[in-house]
């Protein structure tokens with residue numbers, strides 16, 4: 001980050017926020033810290049603490065940016081850029097001294113923060129936390145002057161908001177224009193407009209979830225201000241005479257992700273002897289909302305091409321504006337390595353996508369891993385760039401990045417007020433219950449229930465997102481065991497149908513007049529939310545490498561016929577004479593999410609399959625289809641049901657799920673379930689299909705029976721050439737790995753190279 005040099009006459013009264021309270025000398029605390037491990041510089045590494053003469057580690061449970069900020073300041077840096085969980089910088093040795101550390105963010109030492117106590121932990125060294133500090137260090141003389149002048153070390157800017165002044169601004173949602181108010185030491189203050197710049201406005205807008213700022217009609221606002229100052233009964237007039245009403249001066253470069261990183265002068269240089277903001281008024285800011293948050297018929301801030309919008313995207317985030325960062329290069333989507341990843345680069349991504357600045361820059365695949373290429377590493381944005389492609393970077397393959405280094409972001413988004421229009425009632429925890437919404441009924445805002453007709457996982461996902469509770473683990477249609485809020489049990493919303501991308505249930509399609517076939521009561525919609533979810537992805541390359549044709553005798557297909565794994569024409573054959581032509585392949589399904597994939601049904605619902613000699617826990621886990629080029633189905637796999645297990649896991653990770661002996665079923669995070677090409681029903685029966693060009697398609701979790709953090713990567717497609725005797729699969733890829741308008745041309749090129757046309 002970059003800071004303007006402080007003017008020496010103002011040093012006693014400057015608050016350099018974001019570098020936060022200046023660090024005190026190490027001797028003032030009883031705790032010593034160090035950073036160790038394979039970091040790229042002295043500002044990052046595994047965090048270790050010296051206690052009772054022995055170095056130990058800190059567990060990553062509940063560790064977040066405010067804890068990292070305290071640690072970095074204690075180490076002499078200006079603040080933290082981010083932190084790393086799961087022993088990114090290697091597992092430590094010795095004791096785990098601290099667990100569940102909780103800081104406000106203003107402390108000068110970690111020993112001033114809450115925790116379980118010295119050595120009280122249920123963690124292992126695989127959970128050792130690391131930090132990445134701002135490489136800029138404190139300058140001793142400046143730190144001492146600021147520290148001595150400010151006294152208590154807990155002064156900081158906490159929040160920023162816009163107070164709408166004009167009637168037109170008050171009617172908008174979100175509020176995009178108004179006077180800047182800053183929460184400082186627990187109280188809201190207004191900011192003097194003297195010296196206020198567009199750079200300051202840009203930072204404020206970014207914090208509020210807006211990608212850019214717009215010019216303000218200062219002359220009009222000045223007239224409004226002067227009229228209030230002339231009113232002898234104006235409360236504002238008396239308040240402005242108090243220095244405690246003002247933040248005297250703000251100076252930002254415009255690249256900062258938070259006003260806490262700007263220079264802020266709380267009071268004038270002469271303190272109480274000189275009034276703050278003499279002759280000035282409150283600073284007014286106008287922000288430009290991103291496309292998803294603009295009011296109807298609002299004009300865009302600038303012309304945005306579809307190509308520009310689609311060069312970066314976020315995946316696997318629970319909330320809008322968060323996710324794993326993926327960029328489009330060479331017509332293929334790939335990830336960004338977290339080496340050198342920080343808040344400034346993350347903010348460029350957020351603004352490019354129409355959000356505000358970055359609230360958090362995450363690394364270590366904290367929001368899940370991807371398959372496919374890693375396009376970028378060592379991204380070094382300055383903060384001025386319009387797109388991530390404008391920033392200096394290296395190729396991801398140049399410095400040993402793996403997908404456990406996938407970078408992610410959490411962006412600031414505007415407050416739309418949607419979270420106040422939904423609530424859960426009657427559940428055993430705050431994360432579950434009957435869904436109650438606030439809607440307008442006959443001109444009056446009322447709370448009521450949602451009809452569970454057609455209520456599914458997509459709708460539940462939107463509800464959990466609106467509540468700020470992450471993903472939906474279950475969409476519940478029968479809620480008789482949960483008592484709703486008295487007076488809110490009547491159904492006020494029915495026919496809800498969501499695509500899954502909406503910000504709120506109120507944005508989904510629904511009935512005009514309420515029509516609920518079940519009425520009220522036990523059939524109100526409910527949800528159970530969770531902060532993490534699995535993410536299943538098919539290994540497309542393995543499908544392409546293992547596909548082949550087999551003419552299998554009917555005498556070997558009795559079990560498969562019994563399980564309905566053959567096309568209907570097999571029923572009319574003279575068993576056991578003849579054969580079926582099968583397109584066989586192996587499928588390997590990876591769980592790249594942050595939670596285990598578990599079957600929806602409990603053990604009581606599992607089905608014993610005599611042919612396979614084990615239980616199947618899920619009715620439809622994947623669909624296998626052969627399609628014409630226009631999408632019509634010509635053949636399909638008929639695998640009746642599936643057993644879920646950890647076929648393989650990465651080195652050092654133990655398999656947890658197995659089909660044998662009525663074992664627990666599922667797919668562990670990081671592991672994969674493999675269905676070999678030579679097992680029963682692992683095929684598509686193409687006996688009745690003629691030669692031609694086709695699309696081979698596999699869809700995982702096709703009915704959305706189990707929640708995932710990302711459903712867009714559940715489809716795998718290949719181009720298929722069948723000449724009546726041989727089959728070729730080529731250009732196999734997950735459904736979202738290529739940009740749509742380049743997919744066809746790439747397939748054409750591949751076929752030309754393979755001499756298939």
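Cβ atoms are placed via backbone N, Cα and C, with glycine included.
Feature annotations, reproduced from Swiss-Prot:
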| type | residues | note |
| --- | --- | --- |
| DISULFID | 72-133 | disulfide bond |
| DISULFID | 103-113 | disulfide bond |
| CARBOHYD | 199 | N-linked glycosylation site |
| DISULFID | 337-401 | disulfide bond |
| DISULFID | 350-411 | disulfide bond |
| DISULFID | 451-516 | disulfide bond |
| DISULFID | 464-529 | disulfide bond |
| DISULFID | 498-508 | disulfide bond |
| REGION | 534-737 | region 'Lysyl-oxidase like' |
| DISULFID | 559-565 | disulfide bond |
| DISULFID | 611-659 | disulfide bond |
| CARBOHYD | 630 | N-linked glycosylation site |
| DISULFID | 643-649 | disulfide bond |
| DISULFID | 671-681 | disulfide bond |
| MOD_RES | 675 | 2',4',5'-topaquinone |
| DISULFID | 718-732 | disulfide bond |
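If you take the Cα of residue 671 (disulfide bond) and the Cα of residue 659 (disulfide bond), they are about 15 angstrom apart, rounded to a whole number. In sequence order, the recorded positions near residue 451 (disulfide bond) (Cα within 10 Å of its Cα) amount to none of 113, 411, 508, 649, 659, 675. In terms of Cα spacing, the disulfide-bonded residues 72, 337, 411, 498, 529, 681 that come within 10 Å of residue 565 (disulfide bond) are 681.
Cβ neighbour counts within 10 Å, taken over all protein chains shown, single out 411 as the most crowded of the disulfide-bonded residues 103, 411, 718.
Non-local contacts of residue 337 (disulfide bond) by the CB criterion (under 8 A, 6+ apart in sequence, same chain) comprise 374, 376, 377, 378, 396, 399, 401, 405, 406, 407. The disulfide-bonded residues 113, 464, 649, 718, 732 include none with a CA atom within 10 A of the CA of residue 659 (disulfide bond). Using CA atoms as reference points, the disulfide-bonded residues 72, 350, 411 were checked against residue 630 (N-linked glycosylation site), and the closest is 350. Listed in sequence order, 43, 78, 79, 80, 131, 133, 134 are the same-chain residues at least 6 apart in sequence whose CB falls under 8 Å from the CB of residue 72 (disulfide bond).
Averaged over the region 'Lysyl-oxidase like' (534-737), the predicted model reaches a pLDDT of 88. Cα separation, residue 103 (disulfide bond) to residue 508 (disulfide bond), rounded: 39 Å. Among the disulfide-bonded residues 350, 529, 649, 732, the residue whose Cβ has the fewest other Cβ atoms within 10 Å is 649. By a simple count of nearby Cβ atoms, those within 10 Å, the most crowded of the disulfide-bonded residues 559, 659 is 659. Ranking the disulfide-bonded residues 113, 451, 516, 643, 671 by C-beta neighbours within 10 Å puts 451 at the top.
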